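Novice: Please find one structure pasted underneath; my questions will follow.
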Amino acid sequence: NLYQFKNMIHCTVPSRPWWHFADYGCYCGRGGKGTPVDDLDRCCQVHDNCYEKAGKMGCWPYLTLYKYKCSQGKLTCSGGNSKCGAAVCNCDLVAANCFAGARYIDANYNINFKKRCQ
C-alpha cells in the first residue's frame, strides 16, 4: 500500500523525504500524462503502469498490504505474499530502486502540470 511504498522509498533513498517524490514531474504523484520530464519521472510512469496492470488483475494497489524487508538499502519482497501482494510489492520495489538510481532535479519538483505535461 502507499504507506509501505513510502517506507520502501525511505529504504533506498534515505537522504530525501518521501514527499519530494509525491509531486515531481508529470507522473510522480497525481496520476500522469504527457512525456516524462526525466529518468526519475519515467520511474513513476512505469510505477503507474504497474499499478494499472495490478488493478486489471483485480487488485487494489493503493490499499494492498504485503510483506517485504529492507536491509542496508536493499529491498526484498517476501515469498509468502498473496497474488496481489506480490504484484504490488514488486511494483513498489522496482520504483523505489529506480528512484535510488535516478538523478533528482529540484526544478522538476512541483512543476506547472498544465503547461509541461500535455
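Each residue's number is its place along the chain shown, starting with 1.
Heads up, the Cβ atoms here are built off N, Cα and C, so glycines get one too.
Because the structure is a prediction, the values reported are computed rather than measured.
Straight from Swiss-Prot, here's the annotation block:
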- His47: active site (ACT_SITE)
- Asp92: active site (ACT_SITE)
- Tyr27, Gly29, Gly31, Asp48: Ca(2+) binding site (BINDING)
- Cys11-Cys70: disulfide bond (DISULFID)
- Cys26-Cys117: disulfide bond (DISULFID)
- Cys28-Cys44: disulfide bond (DISULFID)
- Cys43-Cys98: disulfide bond (DISULFID)
- Cys50-Cys91: disulfide bond (DISULFID)
- Cys59-Cys84: disulfide bond (DISULFID)
- Cys77-Cys89: disulfide bond (DISULFID)
- 52-69: motif 'Coagulation factor Xa binding motif' (MOTIF)
Novice: If we skip the immediate neighbours and take only residues 6+ beyond the ends of the motif 'Coagulation factor Xa binding motif' (52-69), which ones have a Cβ under 8 Å from one of its Cβ atoms?
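Specialist: That would be 1-2, 4, 8, 75-78, 80-89, 91-93.
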Novice: Find the shortest Cα-Cα separation between Asp48 (Ca(2+) binding site) and the disulfide-bonded residues Cys11, Cys26, Cys28, and name the residue that gives it.
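Specialist: Closest recorded candidate to Asp48 (Ca(2+) binding site) by Cα: Cys28.
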Novice: Quick one: which residues besides Tyr27, Gly29, Gly31, Asp48 have a Cβ within 8 Å of the Ca(2+) site's Cβ centroid, in sequence order?
Specialist: Cys26, Cys28, Arg30, Gly32, Cys44, Gln45, His47
Novice: Cα-Cα, whole number of Å: Cys91 (disulfide bond) versus Cys26 (disulfide bond)?
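Specialist: Cα of Cys91 (disulfide bond) to Cα of Cys26 (disulfide bond) measures 18 Å after rounding.
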Novice: Name the residues of the same chain, 6+ apart in sequence, whose Cβ is under 8 Å from the Cβ of Gly29 (Ca(2+) binding site)?
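Specialist: Sequence-distant Cβ neighbours: Phe21, Ala22, Asp23, Cys44.
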Novice: To the nearest whole angstrom, state the Cα distance for the pair Cys59 (disulfide bond) and Asp92 (active site).
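Specialist: That comes out at 14 Å between the alpha carbons.
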Novice: Do any of Cys11, Tyr27, Cys84 (recorded positions) have a CA within 10 A of His47 (active site), and if so which?
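Specialist: Within 10 Å of His47 (active site): Tyr27.
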Novice: Let me make sure I understand the structure: which of the recorded positions listed (Asp48, Asp92) has the fewest other Cβ atoms within 10 A of its Cβ?
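Specialist: Selected from the recorded positions Asp48, Asp92 on minimum Cβ neighbours within 10 Å: Asp48.
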Novice: Could you work out which of the disulfide-bonded residues (Cys26, Cys28, Cys70, Cys89, Cys117) has its C-beta surrounded by the smallest number of other C-beta atoms within 10 A?
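Specialist: Checked Cys26, Cys28, Cys70, Cys89, Cys117; of these disulfide-bonded residues, fewest Cβ neighbours within 10 Å: Cys70.
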Novice: Rank the disulfide-bonded residues Cys44, Cys84, Cys91 by the number of other Cβ atoms within 10 Å of each Cβ, and give the residue at the low end.
Specialist: Cys84
Novice: Using DSSP, how many residues of the motif 'Coagulation factor Xa binding motif' (52-69) fall into helix, strand and coil, respectively?
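Specialist: Taking the motif 'Coagulation factor Xa binding motif' (52-69) as a whole: 5 helix, 2 strand, 11 coil.
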Novice: Can you work out the mean pLDDT of the predicted model over the motif 'Coagulation factor Xa binding motif' (52-69)?
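Specialist: Per the prediction, mean pLDDT sits at 98 for the motif 'Coagulation factor Xa binding motif' (52-69).
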Novice: Return the residues near Cys11 (disulfide bond), defined as same-chain residues 6+ apart in sequence whose C-beta is under 8 angstroms from its C-beta, sorted by sequence, else 'none'.
Specialist: Cys70, Gly73, Lys74, Leu75, Ala96
